[in-house]
Ligand SMILES: Nc1nc2c(ncn2[C@@H]2O[C@H](COP(=O)(O)OP(=O)(O)OP(=O)(O)O)[C@@H](O)[C@H]2O)c(=O)[nH]1
């Protein structure tokens, strides 16, 4: 399906940039427009795939292009004040070709954390197309202020979008990695999942169209409310071998049975792996309200029976009757994959932990501020011996 991507803040811009690069690599044709919004000039300058006219600097009169320094209330204020500048860039997007907007932001900082929910409210007011969010949670070691920002933004962003796909930096961190290379790798993992999911609903007329190909409306119907998470698993197949097997299968029914059986089992097992492996936001799968199973790979590997079995298995795991399934054929691909989208998830330990640390941070910060005000007053107190100048 066709998306207008809007990256808000540094993380948002970088992820949109990586998304565009990935979309080009796989020929996904998902990105109809890519816009980056920031309060920091330097962050916008670093982007490669967002055209200069689609880089929108906001809040110049307040922060002079230096960012909002993790103050997300200021981020929200600046976004509300300059929303017309963002709209000018969106006005250039051919909205009639769009299936949805996707606003991407790191929720721990200031600009994206505060600005993304403001933009979501604005877009919902103007357009009929769904507005999705892609929110990145900070690592637990980033400190109280990032956690507090993320918890407050998460609450607001979830309320303002049609669905918030969440990526937890904490769950995707690897030991021994520098922050920068860690982000680069996480961003690749993130855009691979989100990019392939949306590309599945964008099979163009020239592509091989399978019988049960996923349609944009199935993604839209799955992403109807609340919080969403994505799982992905792949297995290599030798495209030459699969071609040979297909040729052999035409002449030998037992080989045909063997190959089909293998393809069915492969897809079913990949659906399980994608669901039970690392999700973009780890959660209890049973709490999902809706789901979508997409099998991707060379057309002759996409067993309908496998998809159906995977779909039924996910129905049992979630207890939901709204699990959709389909395929995304990629002729010539050398691997088969399963993408699992779970939406409306409600049992998410990481969110509960984020919220309780945020509440603690808020209480501690207020106590420190009150104490500091008292301490300063007593430091300046000269028992009436000295007067202030004015
Ligand atoms: N996954 C991922 N997370 C990132 C990346 N860059 C920053 N983050 C996370 O995003 C949060 C910080 O948000 P930023 O986007 O840097 O901040 P900002 O929105 O530009 O806001 P200010 O810098 O305060 O003006 C932190 O929690 C980081 O962990 C990235 O490239 N990938």
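Cβ coordinates come from backbone N, Cα and C, glycine included.
Just so you know, TrEMBL annotations never went through curation; they're auto-generated.
Sequence annotations record features per position, and here TrEMBL assigns GTP binding site to 10, 11, 12, 13, 14, 110, 111, 112, 142, 169, 187. If you draw a 10 Å sphere around the CB of residue 12 (GTP binding site), it holds 31 other CB atoms from the protein chains shown.
As annotated by TrEMBL, domain 'Tubulin/FtsZ GTPase' applies to 2-205.
Taking Cβ-Cβ distances under 8 Å and a sequence gap of 6 or more within the same chain, the neighbours of residue 14 (GTP binding site) are 7, 46, 47, 183, 187.
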